[in-house]
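Pulled from TrEMBL, these are the features on record:
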DOMAIN    53-341  domain 'Sugar phosphate transporter'
TRANSMEM  44-61  transmembrane segment
TRANSMEM  73-92  transmembrane segment
TRANSMEM  112-133  transmembrane segment
TRANSMEM  176-193  transmembrane segment
TRANSMEM  199-219  transmembrane segment
TRANSMEM  231-251  transmembrane segment
TRANSMEM  271-293  transmembrane segment
TRANSMEM  305-322  transmembrane segment
Amino acid sequence: MAKGGGERGALLPVSADDGKGNGGGGGAGDDAALFKGSAMTRRGAVAALSYMSCSVLLVMFNKAALSSYNFPCANVITLLQMVCSTCLLYVLRKSKLISFTNSDPSVPSDALFFVPFRILLRTTPLSLAYLLYMLASMESVRGVNVPMYTTLRRTTVVFTMTMEYFLAKQKHTPPIIGSVALIVFGAFVAGARDLSFDARGYAIVFVANITTAVYLATINRIGKSSGLNSFGLMWCNGLVCGPSVLFLTYIQGDLKRAMEFPYLSSPGFQAVLLFSCILAFLLNYTIFWNTILNSALTQSMCGNLKDFFTVGIGWVLFGGLPFDLLNVIGQGLGFLGSGLYAYCKIKGK
């Protein structure tokens, strides 16, 4: 792991500054445009692809735990993911392999929690947004089949654009707005004849969309000004949200139900939980990395592009959505809109 931004050979970039200046990370070449005239850098492209890969796999493992094994406690999975992530960060920081800021990780921290308390307070809104995002996203996977889940989640871009405008006064070009409109239209077309329609499931997905938009916009607003890198932001999220989720699972009786779950000792179920926790850590890291390097809207659009693989794999593994021409057309319109956005972003339009 690179020490700060000044040492070569970083295994994982942790902030928008890595790779700049004195060659931390991959060197100046990583900050070059993807190709001539592109608005996206090579590092930005790697961050986006890394996020999409982790996201597809995490949805599959979460869906397997909640639907295939019928595990009744989504919040317990969220708690396990937070605990594993926080413990891993603690070990890495204690071993001086990483830093939570852009400073040298070998420099001892005089803060009780490795970051100053004032910084922890400053990132509290981000942590609370993360808590709502995690709880809503985990529960939203349960009540909707994978193809329709990914279709409805694509409408997150509208909420993200709205939050970016109100929080950062960020405006977008007509081609970008047009591509987003096409995505939303495709989502409504795809869901028009969903034979497995579940009003509660749909409502939870839209709540997850809103919380995701708030979370991404908050990363873009607070994350860049906090002085923390991606690992530091993840650490603060764990410290603030972990106790809250533990309390929630206790008062709801989820911990007791989880201990009584018949497949708890099953190697297959344990493997699903293990990979879910690992992927959750990697996904949170790549979300910070991608959002800081690119933008909150680009992060949302990456979520749309990876849906092509999520829909295909989910259709094969979990089913739940009979073939319907209108649904296929809607899916196609959504992917077309995502492709147009990617084209506009790469071309700098």
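Glycine is treated like the rest: Cβ placed from N, Cα and C.
Curation plays no part in TrEMBL annotations; they are all automatic predictions.
Keep in mind that what you see is a predicted model, and the values were worked out from it rather than measured.
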With pairs 6 or more apart in sequence, are the transmembrane segment (231-251) and the transmembrane segment (112-133) linked by at least 3 Cβ pairs under 8 Å? yes
Hey, which bits of the same chain come close to the transmembrane segment (271-293), Cβ under 8 Å, at least six residues off its ends? 12-16, 41, 43-44, 47-48, 50-51, 54-55, 57-58, 61-62, 64-65, 69, 77, 80-81, 84-85, 88, 216, 219-220, 223-224, 230-231, 233-234, 237, 299, 302
For the transmembrane segment (112-133), the distant same-chain contacts (Cβ-Cβ under 8 Å, at least six residues beyond its ends) come to 93, 100-101, 208, 211-212, 214-215, 218-219, 222-223, 226-228, 232-233, 235-237, 239-241, 244-245
